[in-house]
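J.: Before anything else, here's the structure in question.
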Amino acid sequence: MMDVGYHRLLLRIGAVSLPVRRRSLITAALLAAVLAALAVLSLGLGTYPLSPRQVILALAGQGGALDRTVVLQWRLPRTLAAVLLGAVLGVAGALFQTVTRNPLAGPDVLGLANGAFTGMLLVVATGTGDWTLLTLGAVLGGTTAAALIWLLAHRQGITGFRLIIVGIGVSALLSSTNTWLLLQVELETAMFASAWGAGSLNGVTATAVRGAAVCAIPLLAVLATLGPRLRQLDLGDDVATATGARPAGVRRGALAVAVALVSVATAVIGPVAFIALAAPQIARRAARTPHLSLGLSALVGGALLLASDLIAQHVLPVTLPVGVVTVSVGGAYLVTMIIREIRRYA
Amino acid sequence: MTHLVPRRGAGAAVVLAALAGALVLSVAVGANPLSPAAVLDVLAGGGDDQSRYVVTELRVPRTVTGIAAGVALGLAGTLIQAFTRNPLADPGILGVNAGAAFAVAAGVTFLGLRDISALVWLAFLGALAVTLAVYVIGSSGRGAADPIRLTLAGVALGAVFSGVTTGMALSDPDAFDTMRSWNAGSLLGRDLDVLLPVTPFLAAGIVIAFLLGPGLNALALGDDVARAQGANVRVIRAGVIVAVTLLAGTATALAGPISFVGLMVPHAARWLFGVDHRVILAVSVLLAPTLILLADVLGRVLIAPAEMPVGIVTAFVGAPLLIVLARRRRTAGP
């Protein structure tokens, strides 16, 4: 079963068997443990603090009535939203980066975040505060921006470089539109919209999490079938075609799924920066895999968003939107990576 | 592009005429429109009280600020594109805007500053500090600052600072309100109180930029060729960083973050007059103010009686151009 020479295991689920590197499995197990620990911490912290034991008892349906209310009704939706949507963003980032073969490609670069914010602001500007409409506006805005970028970047096929530059252009345009729209509305409305625009888990409800799960799970299932073919893209188009893959089709499919995943996350928590960008790269370095792993990216994404939300809620002197933390931590991560990269050659 | 050289004289005349036209429009157009004749009348010392007030107190200072910001952005764009050998680079890439915005937000939040002439200093110092930080990170380790490292460091530090800026602004409604108008990039209400403090830095930036002209031509051939020709690559690079910091810092301090002018102008200059960086620098000094003034005038007309900030107008003109450039580029690139 285990081929020690290649450090590979053969994972069998029913009729499907998947070769898995041992280091990937160990990394996945460690990440899952970190995620669980963060979740317990997140469920226990707050104005009514609970010990990890109390949290676990409450999750099992035992313990005091108040403990159960606090854990299951107050804190669980937010924690679940962080884990689920962080995972969704991690997977989407891995897809973007695999398709463009560029580690700097993420939904932020590709205009989705700014497009979603534009859509949301347009709804806000009409004076509506209805969440369903705001969500719809965000999803429509994000997908329209993505479609626009795709069309503009398409010229006898898509190259990663052109996609990124066109993405930056459209993003800049949308970001100016957003600045302008923010100037047009009342201060209070502008601040509310900006908090969402920075990416926030405040006020996430159980209904919203359920809705997001219903949308995200089928999309992730589609990926299970797309995954093996995605790896062939890493070999370059010529090799991929020679081995019988259809790179253009796979690329379109993967991008469509990635856009849909980011839209789901954005609709619930706003455009949270950097998770999609950093998670796949962190996962790849942790597991030392040559390609980007969707599963590991999901685990890292969930852990990153949950940890960032803990910092946003409990570490800083004022409660901030989680996106402010992710953008700072993510940027700091990039800076460290650059310095380390430079040191290595120094 | 050499076939364009015989047309240099005609090209220069067109560019100068455009600048002159932009100047007249910038003084004449607005909520209180004046005919070009009335403007000339005031400038010659005549005119009634109201037109004198509009011209000398409102429009001329605004126009002068626009020219200063334009010159700074045009030169900074030319320098940074030559330096990174990336035709799509923009001064904002080195984190200048993010640094300025961070310092402004800190001043508004913690010091309660609102006055634009106080914010000018903060914007300038913030731009300076972040560009230096980007340079230190980008050049740590062996050898001189590598353009790719600098770009990455600029993007990354820029992201950190804009994140923190958002956080600070969101925690204080008053600061948020000041920041949302500063962020748009505007020449509205900029008078000589704002311009005078930064003039020495602008002047120093302009002088360094022009001294760098021959060095940029050498650098365009690649580091090794430049060295073989006797150019001091390290000195040129350090000079570019200093000049870009001074110039982009001044522009951001004067008008807030204005995107795309630094990107567009060197392209137009190259297209019109060829690839000699000394010429591109000279032409960008004329073209960039023209662009800023026209964008500002357009902003006054588009949604009159309200005004659209100049930074928004330049983004609406510049972003489509960037997309066209990306589509035209033949090679797949990195």
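Here the Cβ of each residue, glycine as well, is placed from N, Cα and C on the backbone.
Because TrEMBL annotations are produced automatically, they should be read as predictions rather than curated entries.
Annotated transmembrane segment per TrEMBL: A:25-45, A:79-97, A:109-127, A:133-153, A:160-183, A:254-279, A:291-312, A:318-339, in sequence order.
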J.: Using Cβ atoms and a strict cutoff of less than 8 Å, what residues sit near the transmembrane segment (A:79-97) while being 6 or more residues removed from its termini?
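T.: Same-chain contacts beyond the ends: 35, 39, 42-43, 103, 105-107, 110, 201, 204, 208-209, 212-213, 216, 220, 223, 230, 254-255, 257-259, 261-262, 264-265, 268-269, 272, 275-281, 283, 292-294, 297-306, 309, 322.
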J.: Do the transmembrane segment (A:291-312) and the transmembrane segment (A:133-153) come close, with at least three CB pairs under 8 A (pairs 6 or more apart in sequence)?
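T.: No, the transmembrane segment (A:291-312) does not contact the transmembrane segment (A:133-153).
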J.: Taking residues 6+ outside the transmembrane segment (A:254-279), which of them lie with a CB under 8 Å of any CB in it?
T.: 81, 85-86, 88-96, 98-99, 104, 106-109, 112-114, 116-117, 120, 135, 138-139, 142-143, 146, 150, 195-201, 204, 208-209, 211-212, 215-216, 219-220, 222-223, 226, 230, 297-298, 300-301, 304-305, 308, 321-323, 326-327, 329-331, 333-334
